[in-house]
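Heads up: the structure comes next, in structure tokens.
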Amino acid sequence: MELVAPIDNTFGALLIGNYIGLVMYGTTAYQAYKYFQTYPKDTAILKCLVLALLVLDTLHVVGSCHVCYFYLVTNSFNPSALLAGSWSAILMGVVMCIIIFVAQVFYVRRIYLCEPQLSLFVTIPHHSSPPVKPNYRGLVVVLVVLLLGELQSYTAAAIEGSTRYRVVAKADLTRMESIALVGVLAVDLFLASTSVILLHRTRTGFRNTDSLLNVLIAYTVNTCVLTSAINALALGFLIAFPTNMIYFGILTPATRSYTMAVLAVLNSRTSIAEWYKKRAIDFGTSGLGHNSVAAGAFEKGSDVQMQEGAVGSPMVYTGPIAFADINSRSGRTSYDTSSGLTSQRTDEDGQ
């Protein structure tokens with residue numbers, strides 16, 4: 001008969017991960033509430049995305065709580081039950097895969113939507129011909145293929161690992177789970193690096209614009225670091241200690257971090273618009289009567305014009321912009337979130 005591993009580094013680790021996940025779930029619920037209160041005019045796609053992530057997170061919480069109760073309470077004096085899988089363990093694994101997939105699709109979608117404006121050009125004379133914009137749809141196709149492959153391998157590993165508890169390491173299962181985690185890490189890093197490169201290419205030389213881009217780049221990197229660091233930690237424990245469940249306990253907060261990251265991105269639009277408005281007031285608009293900045297490739301691209309009042313030639317800035325569309329003028333300020341962005345508009349003469 002196969003021996004049962006110590007409880008502390010198996011289901012004990014899962015219990016601790018569940019505690020941390022419950023705290024993070026509370027944060028997620030608050031973020032979702034804040035989103036629906038702050039952005040009631042967002043597109044139906046974004047609202048469905050947030051609702052789907054919240055429902056999936058709730059299902060994951062239900063599964064993790066049932067796993068802990070089933071193994072540690074109901075079968076506390078039945079060691080043989082620890083060797084069998086349960087429906088809740090399978091639910092956790094499958095939902096975990098779907099949450100990660102949906103979150104990553106969100107980032108791929110924002111890259112896809114800003115694709116027609118992924119190049120930067122500044123033209124001063126009217127007769128100047130703009131350069132040909134590169135086509136990045138091939139990059140989006142590559143990302144989609146990576147996502148589908150990652151979903152398949154991660155789902156297979158999650159189902160297999162959830163239905164077969166093991167004390168003695170099985171090389172095939174450990175290899176499958178390791179490949180799945182490596183795939184998740186690779187896609188995360190690919191998405192983050194792509195976003196950073198696109199943002200970096202939108203630098204214009206204008207102080208306010210470049211400062212905003214620096215904030216967005218740092219925000220993108222920090223968001224990636226959170227999810228990637230937790231996944232890398234889980235991968236390290238899986239490779240170093242394949243006979244226990246510490247890595248599985250770490251995957252619970254790792255899954256929750258994806259939902260938190262997406263909601264943080266959506267909820268940060270207004271604050272970034274306010275930050276840019278304050279900075280534009282402090283440093284002026286570089287002599288421009290109309291200063292528009294759209295930044296971050298977070299939901300869709302937008303053409304941006306910066307025109308000098310009545311003197312000089314028009315100056316056009318186009319970039320992978322979608323974090324926040326900000327039109328800054330003297331006068332009244334309003335926000336428009338119907339497109340999934342926060343657009344700050346201030347009209348001259350209070351119009």
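The backbone N, Cα and C atoms fix where each Cβ goes, and this holds for glycine too.
Copied over from TrEMBL, here are the features:
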- 327-344: compositional bias 'Polar residues' (COMPBIAS)
- 185-270: domain 'DUF6534' (DOMAIN)
- 327-351: region 'Disordered' (REGION)
- 12-33: transmembrane segment (TRANSMEM)
- 45-72: transmembrane segment (TRANSMEM)
- 84-108: transmembrane segment (TRANSMEM)
- 138-159: transmembrane segment (TRANSMEM)
- 179-200: transmembrane segment (TRANSMEM)
- 212-239: transmembrane segment (TRANSMEM)
- 245-266: transmembrane segment (TRANSMEM)
Problem - Among 45-72, 179-200, 245-266, stretch most in contact with the transmembrane segment (12-33) (C-beta, under 8 angstroms) - result: 245-266
Handout entry: Contacting positions for the transmembrane segment (245-266) when only residues 6+ beyond its ends and CB under 8 Å are counted
Key = 9-11, 13-18, 20-21, 24-25, 27-28, 31-32, 35, 39, 42, 46, 49-50, 53-54, 56-57, 60, 64, 92, 95-96, 99-100, 103-104, 106, 161, 177, 223, 226-227, 230-231, 233-235, 237-238, 298
